[in-house]
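Everything on this sheet refers to the single structure shown next.
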Amino acid sequence: MSCKPGELCYEGVKRRRALAVLGLMALIFVALSAVSFLDSRGQAVPSAIEYAGLDAVAGKRVFQAYNCMGCHTIVGNGAYLGPDLTNLYEHTGPAWLAAFLPSAGSWPTNGAVKLQLQDKAVATESGVETIEAYLEKYPAAAERIARRGGQSSHMPNLPFSRQEVYELIAFLKYTSAMNTEGWPPVPKVNGLTFPAATPMPVAVQEAALAPAETSIAAPVSAAAHGAELAEANGCTACHAPTTEKLVGPGWAGLYGSTVKLADGSSVVVDDAYLTEKILKPDAKLVEGYEPGVMPSFAELLDADQIADVVTYIRSLGGK
Amino acid sequence: MFRIEYQTQRLSLRFFVVMLVLFFFQTAFGLLLSAQHIDPALLAGTLNFNVIRTQHLNLAIFWILCGFIGTILFVGPLLSKRELAAPWLIKFLFYALLAIVAWNLCTQILAQKGIAGWWMGQPMLQEGLEYLEAGRVADVFILVGFAILCYVVLRTFPPVSQWNEIHWGLGLGVLALTLVWVFGMFFVERLDVQEYFRWYVVHYWVEGVWEVIHISLVGFLLVLLFKADVKSVGYAVFWGVSLVWLSGLIGNAHHYFWIGTPEFWQFWGSLFSALEPLPLIFCFWHIYLDAHQDGKPILNMPAFAFLLGSVVLEQVGAGILGFTMTFALTNVWSHGTWVTVSHAHLALFGTFGMLGLAAAYYAIPIMRGAANFDQRLGKLAFWLVFTGILGLGFAFAIGGTVQVYVYRTLGLDWFGGDVAPAMLFAKAMVPLFGIVFTAGVGLLTYDLLTLGLREEPAAPGEASYPVAAGWGRPLSGWETGIWLLAMWFFGGVITLGLLSFNLDTVRQGSALLPYVMGGVGYPGLLLATLFFVWRFLHSLEARGHAHLTPFAGVPAPAGTT
């Protein structure tokens, strides 16, 4: 197609024609774009979507500030280390997200999600009151609790405040509500159970564990019972049994130590302090920690159970 | 050839040097990412995956731009037949570029703490949008940098009335580079609108602007390497640019399938972006024509190897692999998986990265006055990098095919428990080929940085030229066409493989069809590419032989050798 020197190529005419076609295409593109964002399409908009009184625009700012797209995709764009987040809210529901996000390093347990449902706002947004109804309404949450609950996830713990967690949930509520023209395609088989699949090692394990809610036979000691309660109620998602800080302080050596509070005073960690912490986490805020990150377990644990958890923490050492 | 005509051409050297350093670090970050994919706990909490990935993407953009700037500064005076305008501005641009890269390195880490630096509703420090992670402060300075580049290029060029197609291509290219960047400089509330404008920057940069600069620079490098006629190359540049814009303008619609924009984009995107390979086929064909207009030996083999690599990978990575996932019916599966990663690596590094390296291999020996430089290191580096990137493309494509099946068809969404273990084989291949690639990068960085400065061994003699028979015999147009056809055949197999995910048998859980077709298509395509480039370069190298022995150019009668 090259024009040899001295050949007549009618370049001027061709150029004008190419420009005219290009102009026509630009017009088509602009027209299509204009139609795409008309209100009459009924596409979800973040400013109109609220979660627990926080709007999705604020959530989008949090989403960008933590560069979530650097590991996850959203509407399929982003990185491929973690799953796509577009429809996560719709699948797992807000209580699971509220339990997961503050301590993203591990998968929430049944108790941790149950705890979130105690929050009236979360229960209202979920549309259910009890954990049983919740798991029925959100099968993806049930799958996550049954197969992954208590195990470590591949996501690092991020320093989300309570408000940021709720804002993120608002943003995910918005993306779930978006019409993405049928993407991602809905699977026609259940990948865990369909006959031709070679089950992944974890899937096999899950099948063995299927009746997850086995009742526990009489525990040997108060400390052991406390350890079980801490695991089942999701305490260990944030608190390691070592001195390592996950989200909250590690429990090893905590008992009997002196901690500095945000108001400048200090307090010795004893039974009364730990009990109060479990019931009213923000009553004595420790320096360096955000209020609202730790939930209250008042509705979930009775006095005996709290005493067992405290006994367990005491057993992990300290003065 | 080995002489500087204009002193300001030397300003390009510093940009080439920075390009090489950034390229090396970008590759190292990539290798680290591949390790994190295998063990996500690696450096988690210290340097999270997203922070490193951001640098991997941003450094890629920075060093490719460095390559463009270096090349433009080197060819600018030759195109204009006068010195560059405002050399002090170019020096300023250089230091500004270093400052922006350093600034961006520091601010991106803040994503781990969720600090975006919100001020007046804008994220000043970092904004967490793929490819456009740089915060608003850096955005503004980058815009100023582009404006400086525009000013220098347009002031250096002769008056518009004297422009040929290469002037037009480069002039429009740098202007559009600046203009399109502006669309990424706003915080947008709606996700669909944000993605709509984000692709203005990403797609139009790559397919509208970089491609135009690429075509113009490839054209002019061909003029320089082969003394090809400016007029005939110019005509090709004009049609290349026209086809890029005619297909790419609406072709952008292939990014608007699933982001919350209406369904009609699926029609427009599928139709026009399927045309996007046309200019690439055109460019591919032209490099064949220009390399074969006479039988003279290639004086600078590494430069030509990278130029050929650039045009061929543009064809394979951008053209063919892009084509396979450009239809709504295949894209619905490939979207959001490693299948796209394969395309992105081959297209972005292949097309634009290799062009910068080709230009560096052309310009640095001239600027250092090393006419008889030892080309063996450069050729070896080319093969390491070329094999490495094809291998990476293969690993990503295979991993992506598995990912589509496990994640989309079976609906398993536990990355730690289900998806990642299924992809583990492919994930392990990535650092394997990554090491080959990194070795090549290290070698070419060393070679180019020290070229003309280190002690040269004696130039290899005639024995190093391959004989002009077998793989070394002259390459005919027919044969090139067959190779191209073979590549497209395998591209077709890949497309059908992706399409087969729509079949009911596959949706009921049988992975046979997509796995077999992917397993044939991807290795077929990438091996055809590898052997074609081998064949092309081998036949050109054999010319050195032909040049030294006058009769070898004529095919000997059968039975006499």
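Every residue gets a Cβ built from N, Cα and C, even glycine.
Just so you know, TrEMBL annotations never went through curation; they're auto-generated.
These numbers come from a predicted model, not from an experiment.
Residues or ranges marked as domain 'Cytochrome oxidase subunit I profile' by TrEMBL: B:1-400. As annotated by TrEMBL, transmembrane segment applies to B:12-33, B:60-80, B:92-111, B:166-188, B:208-226, B:265-289, B:301-324, B:344-364, B:380-405, B:425-446, B:482-503, B:515-537 (among others).
Contact between the transmembrane segment (B:12-33) and the transmembrane segment (B:208-226) does not hold: fewer than three of their C-beta pairs are under 8 Å, each pair 6 or more apart in sequence. Beyond the ends of the transmembrane segment (B:344-364), by six or more residues, the same chain brings 9, 12-13, 16, 19-20, 23, 60, 63-64, 66-68, 70-71, 74, 206, 210-211, 214, 217-218, 221, 224-225, 300, 302-307, 309-310, 312-314, 316-318, 321-322, 378, 385, 389-390, 392-393, 396, 444, 448, 451-452 to within a C-beta distance below 8 angstroms of the stretch. Proximity of the transmembrane segment (B:515-537) to the transmembrane segment (B:92-111) is not established, fewer than 3 Cβ-Cβ distances being under 8 Å for residue pairs spaced 6 or more apart.
Comparison of B:60-80, B:92-111, B:380-405, B:425-446, B:482-503 by number of C-beta pairs under 8 angstroms to the transmembrane segment (B:166-188) places B:60-80 first.
The stretch with the most CB contacts under 8 Å to the transmembrane segment (B:380-405), chosen from B:60-80, B:92-111, B:208-226, B:425-446, B:482-503, is B:425-446.
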